[in-house]
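Asker: Quick paste from TrEMBL:
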- Y55: active site, proton donor (ACT_SITE)
- H113: substrate binding site (BINDING)
- 28-273: domain 'NADP-dependent oxidoreductase' (DOMAIN)
- K80: site 'Lowers pKa of active site Tyr' (SITE)
Amino acid sequence: MVELKNINSLLKLNNGVTIPCVGYGTFRTPNDVAEKAVEDAINVGYRLIDTAAVYGNEEGVGKGIKDSGIDRHRLFVTSKLWNTDRGYESTKKALDATLQRLQMDYLDLYLIHWPANRKQFGDKAAEINAETWRAMEDAYHEGKLRAIGLSNFMPNHYQELMKTATVAPAVDQIEVHPGWTHAEEIKFLQAHNVLVEAWGPLGGQGASVMTNPTMVELAKKYGKSTAQLSLRWILQQGVLPLPKSVHADRMKQNTDIFDFEISDEDMQKISALPNLGGQCRVPDDVDF
Ligand SMILES: NC(=O)c1ccc[n+]([C@@H]2O[C@H](COP(=O)([O-])OP(=O)(O)OC[C@H]3O[C@@H](n4cnc5c(N)ncnc54)[C@H](OP(=O)(O)O)[C@@H]3O)[C@@H](O)[C@H]2O)c1
């Protein structure tokens, strides 16, 4: 693995494009809050900004980026196609609307937010995902997207998609935090040269990842916060965490994870923790 020195140490995607190893999340951050939060995050040092059409904050994220005064080319901006926009034509339209809201002419990475699943779409699910992906591939070839990828795709969805894909997905963004490890899926995706991004790396709202006694004890041992321990545990698996905070002090704290190394034994202890809450959704079971 590349030596990671700070949040902007670069990882290489399967198409050669580079991506900072830690990103900034913007879920549950409405437009008015997002503008200031994104500007703060850029000032703190984040260069990878993760948003999605369904967060309803792409305008705010775009304004925050403008307000920061940073050159667009120094950022890595990700957004995601929402479920109601699947299909070839609607994906193309949804991407253009996203670009307009962000006030940008390209994205660094665009993801299919959730796979169409069999529970909702029966035998049509695979075809819907294939058509959505075909639109992403076309936008990639047109230069609107520097990389394309997936979110919440499990190995079965990935394998199905690869029957028709002509561009291999560069990224899969899935829920990963202590208590919800997705270890097998990470192994599978990495073996297929897909960079795994961790959403909810702190467990998201309402989880007990940051208060769990084992996490507290281990964090103390390393002289770090439980949030930092969780992020470091993710990084050491070769996975890219996307912590979200609207508080500048926490944004900063979440970047300070490069001056310690979790031992193999402690990595395993964290990996063995029981479910600590979080969204813990199973993509084949979701009904949205
Ligand atoms: N692809 C998907 O389906 C999907 C789904 C969910 C999320 N995501 C992406 O992943 C990002 C992260 O996930 P998430 O937002 O659900 O959850 P998260 O980053 O795991 O956790 C965010 C929560 O932790 C708090 N927090 C942050 N840093 C902290 C610290 N150092 N100490 C204590 N508390 C801290 C935040 O509060 P404050 O903000 O008040 O500080 C917020 O309540 C999202 O923002 C989004 O970009 C993607």
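Cβ atoms here come from the backbone N, Cα and C positions, even for glycine.
On a predicted model such as this, the values are computed, not experimentally measured, just so you know.
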Asker: Taking the recorded positions one at a time (Y55, K80, H113), which has its Cβ surrounded by the most other Cβ atoms within 10 Å?
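Answerer: Counting every other Cβ within 10 Å of each candidate, the maximum falls on K80.
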Asker: Determine, from DSSP, whether K80 (site 'Lowers pKa of active site Tyr') sits in helix, strand or coil.
Answerer: strand
